[in-house]
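What TrEMBL records for this protein:
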- 42-75: repeat 'WD' (REPEAT)
- 84-127: repeat 'WD' (REPEAT)
- 128-169: repeat 'WD' (REPEAT)
- 322-363: repeat 'WD' (REPEAT)
- 368-402: repeat 'WD' (REPEAT)
- 420-453: repeat 'WD' (REPEAT)
- 465-506: repeat 'WD' (REPEAT)
- 507-548: repeat 'WD' (REPEAT)
- 549-581: repeat 'WD' (REPEAT)
Amino acid sequence: DDQEDITSFALSCDDELLVTASRALLLKQWDWRQASCTRSWKAIHTIPVASMTFDSTSTLLATGGCDATIKVWDVVKQYCTHNLKGSSGVVHLVQFHPDISRLQLFSSSLDCGIRLWDLRSSQCVCLLQSHYSAVTSLSFSGDGGTMISSGRDKICTVWDLKSHQATRTVPVYEAVEGVVLLPEKTDLSQIGVKSKNLHFVTAGSKGVLRVWEASTARCVYTQTLPSTLTPSSEEDEEEDNPRSVTYLFHLPASSRLATVTAEHNILFYQLPSLTTHQQFVGYSDEVLDVKFLGKEDSHIVVATNSCQLKVFQLLTNSCQILYGHTDTVLTLDVFKKGSLFASCAKDRSVCVWQMDSDSGEVRCVAQGSSHTNAVGSISCSRMKASFVVTGSQDCTVKVWDLPAEFPGAEIHQLSPRTTEKAHDKDVNSVAVSPNDKLLASGSQDRTAKLWSLTGDGNLGLLGVFRGHRRGIWSVCFSPVDQVLASSSADGTTKLWSLQDFSCLKTFEGHDASVLKVIFASRGTQLLTSGSDGLVKLWTIKTNECVKTLDAHQDKVWGLHASRKDDKMVTGSADSNISVWV
């Protein structure tokens, strides 16, 4: 309510108290179930709080400041119990020893050392030095005698807390953001734990969970991820890997690990096997396309401003994140039965994905790349799943044949049956006719073209639709009539005759580019979406707009009707996805 950025927060171990710290140097205690602030007090730090943590009894709260001090608060009696000075620079990590009878607090700051504070004497009793870069997390053994620290210097250190000495330094070959000591006396043989020695899990810049044996510094298990089609180089991986993990924590009550990725996704893994249990997508960014998917249109597949696709189950909002492209996915199309779909991206490639009708799991089954520039449009064959057509910024249209089925786990490599230089500028849209015999393409060069998809594999130009004053964003065949619809940056939508290529009707009403057009109500109506954030429903017979939805705050790139024609989904540059009845 003070509109100030929150710089740090902590939840008490009993789940009762949430405390936040803001740039206004206020600490606030919340009843988070009611979303109400129950009290606030001055942090006494001179500049913002960078880290905070509760002790295991949920009575003490430690705050680490950017002012190099640490304060300890009794949240029950509501006063500051300690003011610990002596750190160097920002205190970015504070953690109590889990055994509260020891009254010990650990902290780390800019000098990369780990300070151990005795809360009885308010003194720093020792400085544990081993890391050369920021210390990112600490984890304690069940008996409290051993601690493991992780750092961005690509090492984890095992500490004996009796002698305050490092007993082992484990090189883990990635910047580590989180380390968790695995529970002892649990059968974890599925993830390589074969001895009673201490084992720990690391997560960091590579985006995979790995299990290490502390005594031997051996990696005993590496999580396998869904295959990315083109392995990125090591440097790439470190620098800006969207999968890289920024946070790792253990949920002992449910035997799960949770990770947060650089792309704001939260993933839960179930022990003892570390299988993916649940995924939450925290932030969608610009939505570039969205389509219904699955039996009864139970899911939607979304292309956001990212190289991953996201498949949401509409009923539960649970999500699968699909890896395959290496650059922003631009658009999607779904085959008739709803379990197979295709995507194309800035990485010049096309991918075909299959959803398992029972489990709902989606995997990449085919991939091809032969365009020389970003692939911005795709259309699937309509009768049966036999081919896809792509249009690219390289001004060409390609037809790709699919195999009859996709057996095994191998990813089928697609190669184009035919390539046609279709336009003088970017091909923004392609559409296959309901009988699979015709293809339409729309381009930045202000024209749309009609092609025959003949059996011998070649495209034959049948005619050109001229009349738009700016580039064409979208083309779509009528499901019932010999008619093509096109929408353009000139703010109009036009209907064209497939017989003589003449313009039959023009629909005007958007104040800006019309980005998508689709037929609805069995071909008697049109739906259009624009960069004005509006979605309009038009009756073709009367040429009038019968409904205007103020759907979004920004460009509406995604517009798709369900197969039953009873609902539609929209996706926008404002990051929102809406399902409409």
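Backbone N, Cα and C atoms are what each Cβ position is placed from, and that goes for glycine too.
Helix, strand and coil residue tallies for the repeat 'WD' (507-548), in that order: 0 helix, 25 strand, 17 coil [DSSP]. If you look at the repeat 'WD' (465-506) against the repeat 'WD' (420-453), you find at least three C-beta pairs under 8 angstroms, all six or more positions apart, and that counts as contact. Same-chain neighbours of the repeat 'WD' (507-548): 470, 473-481, 485-495, 554-561, 565, 568, 570, 572, 574, 580, counting only residues six or more beyond its ends whose CB sits under 8 Å from a CB of the stretch.
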